Amino acid sequence: MATTVNPDPEAAVAGKEPRGPRSLLARARDNLAFRSVWPELNGAMGDLGTYIPIVLSLALARHLDLGTTLIFTGAYNAVTGLIYGVPMPVQPMKAIAATALSDPSFGIPEVMAAGILTAAFVLFLGVTRLMQLVYWFVPLPVVRGIQLAQGLNFAMVAVKYIRYEQDLGKGKSTGRRPWTGLDGLILAIAAICFILLVNGAGSERSRNSNRTEQDQGHGQGGDRDTQEEGRQEEETEGRWRSMIRGAAPAIPSAVIVFVVGVAFAVARHPAAVRELRAGPSRMRVVRIPREAWKQGFLKGAVPQIPLSVLNSVVAVCKLTRDLFPEKEASATSVSVTMGAMNLVGCWFGAMPCCHGAGGLAGQYKFGGRSGGCVAALGALKLALGLALGGSMLRVLVEFPVGLLGVLLLFAGVELAVAARDMSSKAEAFVMLLCTAVSLVGSSAALGFLCGMVAHGLLMLRAWAMGVSRSG
């Protein structure tokens, strides 16, 4: 079955509100309102498995200003939660971060130049509404292939974090992680088991709702004996199930894992607490020489732009439509917010950031359902950035990397699971081809190109076969 995409999601969402325009204050209140307190706070932790390792690595290896990054990314979180009303993530630009960690000559001026150039390009596509055309043009199997590749990549990196000790400053594994200790394998495995027991494999909303409707339809035509048996089973087994289902969402698994990680970080290096300094970091405008603009464009912006367009805009918008059909974000607005926030923050040394499908999947996995989820995370970042600034690095550097790997693992699996809705062998083929090329070639752009070519050839073949049959 062919998949159709509404070329203008904003118009579709607007059509769902026949009562006229709502006031900005009422809309802001609705977007930031918690659906449930603990699940929303739990969901806020779902993106830290990606955020902390990258920011920490750049702070150690390239002297990224952690305090400034916390302040600006906290503000980004608050604004995106207010605008979209969903747990829209704010993540570091991964291609730029990878270049900075692998190339000693790629310093902070080059990182900021790459972020500004990428943001300007994405903002241009958004303002001219060309991004909406890209969103409409890219077929769903190609998007699912990119999501599956990104999810599997997250999961593989997470397993590496769990299995091996990491030198985040050099971006390398240093050896097998010991079983015991405050950052041992037993701790990571226990965290995985704990999250599985609390959160399970995630929600099956559509499947369960369809099954319930079918059961209700059959129940109306059934006899009284069947209904009586159903009532008895519900009394015996449903009582325990309802207790478990009611208690599980109240357990903030990701929050507990994060708090345990902070406690273990302090226990591993108690002197780090005494090294904390009150007050924010001093912000300075980053001077970017002409050569830094050149290197930032060639080594940073060129590989980052395809990833930002495909994963940070197109994939995020389509995943938002899947998870929150009533709160659908348009490719135009996502492009504008992503471009605007970097055109401000990068000049002051904040890490270039984007939205990411992996972060959205991770926050949804752990219970995030509203903009209040990421706004709460933003408030935490702002508080830490203003109160402690860059001195937070002394504590975060001791945070158990294995626990970060656990959070990243569940975020990656949740993103990969989104690719399960392919309804035909042809769609699955395009998706898996795109995934394979993206993973092996380490390039979302190359995977996108192969997926688009394969999708076009399959459509051409189907058209030719249809013509021959009709003739």
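Cβ atoms are placed via backbone N, Cα and C, with glycine included.
Note: TrEMBL annotation is automatic and uncurated.
What TrEMBL lists as region 'Disordered' is 1-20 (among others).
Beyond the transmembrane segment (66-86), the same-chain residues lying 6 or more positions past its ends with a Cβ under 8 Å from any Cβ of the stretch are 27-28, 30-32, 51, 55-56, 59, 280-281, 283, 320, 323-324, 327, 329, 333, 337, 341, 344-345, 348-351, 353, 355, 360, 369-375, 377-386, 388-393, 396. If you look up TrEMBL, you'll see 66-86 (among others) marked as transmembrane segment.
What TrEMBL records for 106-127 (among others) is transmembrane segment. Here the transmembrane segment (106-127) has Cβ contacts under 8 Å with residues 58, 62-64, 93, 96-97, 99-100, 134, 286-289, 292-293, 295-297, 299-301, 304-305, 308-309, 312-313, 331-336, 338-343, 346-347, 349, 351-353 of the same chain, all six or more residues outside its ends.
Packing against the transmembrane segment (180-201) from elsewhere in the chain are residues 162-163, 165, 248, 251, 253-254, 256-257, 260, 264, 267-268, 365-367, 400-403, 405-406, 409-410: each is 6 or more residues past its ends and has a CB under 8 Å from a CB in it. The feature transmembrane segment is assigned by TrEMBL to 180-201 (among others).
According to TrEMBL, the feature compositional bias 'Basic and acidic residues' maps to 204-230.
Residues annotated as region 'Disordered' in TrEMBL: 204-241 (among others).
According to TrEMBL, the transmembrane segment annotation covers 247-267 (among others). If one looks beyond the transmembrane segment (247-267) by at least 6 residues along the same chain, the residues whose Cβ comes under 8 Å of a Cβ in the stretch are 36, 38-39, 41-43, 45-46, 48, 182-183, 187, 191, 194-195, 198-200, 273, 366-367, 395-396, 398-400, 403-404, 406-407.
Among the features that TrEMBL reports, transmembrane segment is placed at 373-393 (among others). Only residues 6 or more beyond the boundaries of the transmembrane segment (373-393), in the same chain, are considered here, and those with a CB under 8 A from a CB of the stretch are 32, 34, 40-41, 43-45, 47, 56, 59-60, 65-71, 73-78, 80-82, 87-90, 275-281, 363, 367.
Residues or ranges marked as transmembrane segment by TrEMBL: 399-417 (among others). Within its own chain, the transmembrane segment (399-417) has Cβ neighbours under 8 Å at 45-50, 52-53, 56, 147-148, 150-162, 165-166, 168, 177, 182-185, 187-188, 191-192, 195, 199, 202, 254, 257-258, 260-262, 264-265, 268, 319, 357-359, 361-362, 364-366, counting only residues six or more beyond its boundaries.
Annotation comment: TrEMBL describes 429-458 (among others) as transmembrane segment.
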